């Protein structure tokens, strides 16, 4: 009873704090008042509080359930929210002296996943239950934690690529409009991307556009780093899952819906890295692939659970 109450309190505190963080981000985005009232520092502290609250929530659930809290969709969503917070914490302490724009991605992601997890749709999963026989293995922590952390990193990196794509397209539309040429195509965007140095000396002379250029470079660099980390986690998760599957079901690979979509996700981001190695394809093209990967991840992580079939059906989504 005490652990359940503590879990409830930590859940509400973390959800409330991250809601305030998002409100602060909207204020700094539309009102530009962060320099005046120091709202940016408050949002950073809020994400730190959120991280420790979710950490306490997971530890509490681990203690009173007797197993690592990754046995169902509810627990994996809470862990995914913790993963978003962890990514923010790493970036915050790495670039403590500089403004960390990554919280504009991690904070909404954390509140979305945690908000859905604590909604009435998953009420039946809020109470910890005895592990299914297939989950009673030491591979549970290794496999599922790596997969969920991989999803968290890949989702953050993909969202950064989406932001890069939006800024680039808006820039392209503006330049094309100024030249009285409204024929819009991704080919022209790519052409502009290849001539970034020329644009830097011509179009980016103003401080505003030079800042936009720096922002796109930063987004591209950050998305590559975070996706690289997520890809490593995903690879480890798939390999450990294959070993676990062989122990539990007698086969390394069964083409289960979850396994199939995990392989598709891995392939998409392998293509992303291929585009990064080709200087003619990096930038806009790699951002397009990563944006596609964002949708694939959600199909793999959540969409497959809607089916409630296959060997991974214990993590399926059920309505009350």
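Note: Cβ is positioned from N, Cα and C throughout, glycine not excepted.
Heads up, TrEMBL stuff is auto-annotated, nobody curated it.
Per TrEMBL, transmembrane segment is recorded for 12-33 (among others).
Annotation comment: TrEMBL describes 45-64 (among others) as transmembrane segment. Packing against the transmembrane segment (45-64) from elsewhere in the chain are residues 3-4, 6-7, 10-11, 13-14, 17-18, 20-21, 24, 75, 78-79, 81-82, 85-86, 88-89, 92, 103, 106-107, 110, 114, 128: each is 6 or more residues past its ends and has a CB under 8 Å from a CB in it.
Sequence annotations record features per position, and here TrEMBL assigns domain 'Cytochrome c assembly protein' to 70-312.
What TrEMBL lists as transmembrane segment is 76-95 (among others). Long-range neighbours of the transmembrane segment (76-95) within the same chain, counting only residues 6 or more positions beyond its ends whose Cβ lies under 8 Å from a Cβ of the stretch, are 14, 44, 47-48, 50-51, 54-55, 57-58, 61, 69-70, 102-103, 106-107, 109-111, 113-114, 116-117, 122, 144-145, 148-149, 151-153, 155-156, 222, 226, 301, 315.
Marked as transmembrane segment by TrEMBL: 102-122 (among others).
Taking Cβ pairs closer than 8 Å, the transmembrane segment (142-167) reaches residues 68, 70, 76, 79-80, 83-84, 86-87, 102, 105-106, 109, 212, 215-216, 219-220, 222-227, 229-238, 240-241, 244, 262, 265, 269, 284, 286-288, 290-291, 293-294, 297-298, 300-301 in its own chain, all 6 or more past its ends. Per TrEMBL, the feature transmembrane segment maps to 142-167 (among others).
The transmembrane segment annotation in TrEMBL covers 222-245 (among others). Within the chain, the transmembrane segment (222-245) has long-range Cβ neighbours (under 8 A, six or more residues past its boundaries) at 87, 91, 102, 137, 139, 142-147, 149-158, 160-161, 164, 251-254, 259, 262-263, 265-266, 269-270, 272-273, 276, 286-287, 290, 311.
Annotated transmembrane segment per TrEMBL: 260-275 (among others), in sequence order.
Summarising the annotation, TrEMBL assigns transmembrane segment to 287-311 (among others).
Counting residues 6+ beyond its ends, the transmembrane segment (260-275) has Cβ neighbours under 8 Å at 147, 154, 227-228, 230-231, 234-235, 237-238, 241, 281-282, 285-286, 289-290, 292-293, 296-297, 299-300, 303-304 in the same chain. For the transmembrane segment (102-122), same-chain residues at least 6 beyond its ends with a Cβ under 8 Å from one of its own Cβ atoms are 11, 14-15, 18-19, 21-22, 25, 29, 43-44, 47, 50, 54, 73-74, 77-78, 80-81, 84-85, 87-88, 91-92, 152, 155-156, 159-160, 163, 222, 317, 319-320.
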